[in-house]
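S.K.: Take this structure first; my questions come after.
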Amino acid sequence: MTDSTIAIRTATETDWDAVALLDAHAFGFHPTDEDMAFTRRFARTEDVILATDDDRPVAVVMHFAMRITVPGGTQLDLPGVSWVSVAPTHRRRGILRALFTEQHRRFVAAGAPLSILTATEATIYGRFGYGPATSELTVSVDRRSARIRDTAADPGGVALVPPAAARPALPGIYDRWQARTPGALARPQVYWDRMFADLEHRRDDASALFYLVHADGYAAYRRKHTPDGMVAVVDDLVAATDESYAALWRVLAGMDLMREIRVDQAADDPLPWLLTDARLPRVTSRDDAVWVRIMDVPAALTARTFAVDLDVTLEVNDPFLDAGGTFSLRVVDGRATATRTDAPPQARLDLDVLGSLYLGGHRARSFARAGRLWTSDEAVLDRLDLAFRADREPFAGWHF
Ligand SMILES: CC(C)(COP(=O)(O)OP(=O)(O)OC[C@H]1O[C@@H](n2cnc3c(N)ncnc32)[C@H](O)[C@@H]1OP(=O)(O)O)[C@@H](O)C(=O)NCCC(=O)NCCS
């Protein structure tokens, strides 16, 4: 950073108005008092770091205390970086880099195994060792033609419930789904409070939420008028069992006055195979969601399970901090040991690529084909490709 008037410091309680103003300019919306109240419950002021110019805040980063499920079911506590904004008056002078340097120094000191974020632009965070690790498909289903196969589970048990009855039921179902889904993020109480507050300005011109609840799953959707007819926009569809998923889709598919159903899904969602017409779920967009930066390679690799045995020496390049090096990764019966080694590498990759592989949502082979993963021979690539896969595609569950 070149400007001598710029300083980095931890925020204090009196800085929150300035934080809100920075965010408003960065993201193009005015956070309401309710928005700020939710954020202040989620973020501790001491986890907010500011850059100031002559004492005036000109940039902010913060993190929330998060928890993520990794392949095999272990849940890791980790920081979730958010509210990253540099005033348009001060961009491209290295202020984000200076803030990230301080913020990640704190993550190292706290012993974080990973850190995560969601990204407005895909070009910003690779240089800091973050790789896109979970994906979301937005799917549109022409409901008028949607028929569930006769062979699909038909357990019934879905009730139409008012918000007051949904409120105590949903968090437990979500927790069970989260525990079995790689990449899934635990939801803090403030998330649920915000969801049930269902603030009008967050409805995107659609109705308040409707809830369909089964003992093991639920769908929360809004009705939206469009020139082509009514659309059910599903905000949240969570099923802890396959049976409840089929039961919920039987109800959604039966909503006669809805022309279309819109929903976000993981890439391996079974919906096409539940329907008599597998082409009906039309993917209208595919986006990355959670980006992973591995802060401690051995801690991260030993926290997840692997699909096949492995014995490989990995050279990992960290372009930002000192998390890289050469590691011996041995997997026996799914469990890994990972230690630093001086042995010659059999595979070489940047830390962002390891982050992209970590939750099982991307294939080692794809990165090899793009020239971003080198292996000494085809057999090593084959094992890596198989080993990093998870039993299901990672899915975040919510954005922060
Ligand atoms: C993204 C943003 C925070 C970058 O802040 P900044 O202070 O201009 O970034 P820096 O000057 O520290 O840049 C650090 C590096 O990232 C690069 N970079 C920064 N923003 C980038 C962008 N939008 N696209 C591509 N590269 C970018 C810089 O070129 C620089 O690269 P280098 O260090 O390898 O030379 C800022 O543009 C911003 O507030 N944007 C709007 C809000 C937003 O999208 N925030 C991110 C939320 S996830």
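Backbone N, Cα and C atoms are what each Cβ position is placed from, and that goes for glycine too.
From TrEMBL, here are the annotated features:
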ACT_SITE  TYR125  active site, proton donor
ACT_SITE  PHE400  active site, proton acceptor
BINDING   VAL84, SER85, VAL86, ARG92, ARG93, GLY94, ILE95, LEU96, ARG97, THR120, GLU121  acetyl-CoA binding site
DOMAIN    6-165  domain 'N-acetyltransferase'
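Each of these features: where is it, how hidden is it, and who are its neighbours?
M.R.: In the three-state DSSP assignment, the secondary structure recorded for TYR125 (active site, proton donor) is coil.
Every protein chain considered, the tally of other Cβ atoms within 10 Å of the Cβ of PHE400 (active site, proton acceptor) stands at 19.
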S.K.: Could you check what DSSP calls ARG97 (acetyl-CoA binding site) once collapsed to helix, strand or coil?
M.R.: helix
S.K.: Would you kindly give the Cα-Cα distance separating PHE400 (active site, proton acceptor) and GLU121 (acetyl-CoA binding site), rounded to the nearest Å?
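M.R.: About 15 Å separates the two Cα atoms.
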